[in-house]
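For reference, the structure is listed below as structure tokens.
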Amino acid sequence: MHFTMKDEILKRFLNANGEPISGQALADELQVSRTAIWKHLQTLKQEGYEFDTVKKRGYKLVTVPDKVDMGQLQQFLKTKRYGRQVHYFESVESTQLVAHELVREGGPDGTVIIAEHQTAGRGRMMREWESSEGKGIWMTIIIRPEIAPHQAPQFTLVTAVAVVNAMKAMFKNFTPEIKWPNDILVNGKKTTGILTEMVAEADRIQALLIGIGINVNQQMDDFPEPLQSIATSIAIEEGEPIERVHLVANVLDFLEHYSDMYVKNGFGFIKTLWEDSSGTIGKRVKATTLREVVEGEAISITENGVLQIRQANGEVKGIYSADIEIL
Ligand code: BT5
């Protein structure tokens, strides 16, 4: 969805801070008929916006629905590219699937796909990702960086650093920590998962599809039973409900900034930022890879984002991809 007339109208009401706006003034300013304005207001009403009519002065916006609203998003964004094209859905199977289609159609760098609900949200290795309706941020960003395919996993770390710093900038009642490679935990429980997929030729990336799932406004009983011991939401940890659109805007701001810096200057400074927020380094961990289980102390990540584990016999093993349990 691109910025439409309806979004333009909404933007003006949101900027008016509850003051009435006359239908005629809107029609004049946007150079459309009053009937067209009225029709867009009806559509907005169907989407959950409520307007009061103020005699002789026009309409006043009185209720904003709890949605990741595109009009609001454009207002909050400071980015140049990320989030400037947004495809918004009430419900999809998975935003990753939509992103794959858009990549094939040539969707530009920074295209964002957001859904209120996913019926088949997925994690790594086709695991399920629980995406309850209207409670989280379920989004995929298509990026087209000039990097080689082997560098793609580093983007999971770039993304983790962006999300964790967006959270730190907004929330004061908890400290998020990154668990290598793709989780953000608060008090040991998962608030966020990141899934990086790639469309590439042998030596060139066509696109990265960065899926970010953030639990935002769930209460504990919104999570299915098996997740209750391992998952949490920002609202639970912060102690109040959160406006998701602010967090989306912040994540995109940080992500554009860090990915541009990464492409320009390499992984070094991301590594430092990553280590600053890591809840993995210095801990005893058990890493389960496709081939083996490695136990020991997580001592660092390399310049390539590989996790280094020192085993009991002193041998240091590099882990490229695994599930990590903090012991
Ligand atoms: C991930 O996988 O953590 C990556 C999740 C990425 C989700 C986003 S949402 C937008 C985009 N569209 C998609 O379809 N996906 C992406 P992984 O490390 O494999 O973790 C998956 C495991 O996390 C599951 O097996 C559960 O144990 C747990 N889990 C599932 N849903 C969860 C939730 N909402 N909160 C916390 N943990 C969850």
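In case you wondered, yes, glycine gets a Cβ from its N, Cα and C as well.
The feature DNA-binding region, as given by TrEMBL for the ranges 23-42, 143-162, 183-202, 203-222, sits at 23-42. Under 8 Å from some Cβ of the DNA-binding region (23-42) lie the Cβ atoms of residues 5-6, 8-9, 12, 51, 58-59, all in the same chain and six or more residues away from its ends. Taken residue by residue with DSSP, Arg124 (biotin binding site) is part of a helix.
Taking each Cβ in turn and tallying the other Cβ atoms within 10 Å, the top scorer among the binding-site residues Arg122, Arg124, Lys190 is Arg122. The Cβ neighbour count for Gln118 (biotin binding site), using a 10 Å radius and every protein chain shown, is 25. Taking the Cβ of Gly123 (biotin binding site) as reference, residues of its chain lying under 8 Å away and at least six apart in sequence are, in sequence order, Trp129, Gly193, Leu195.
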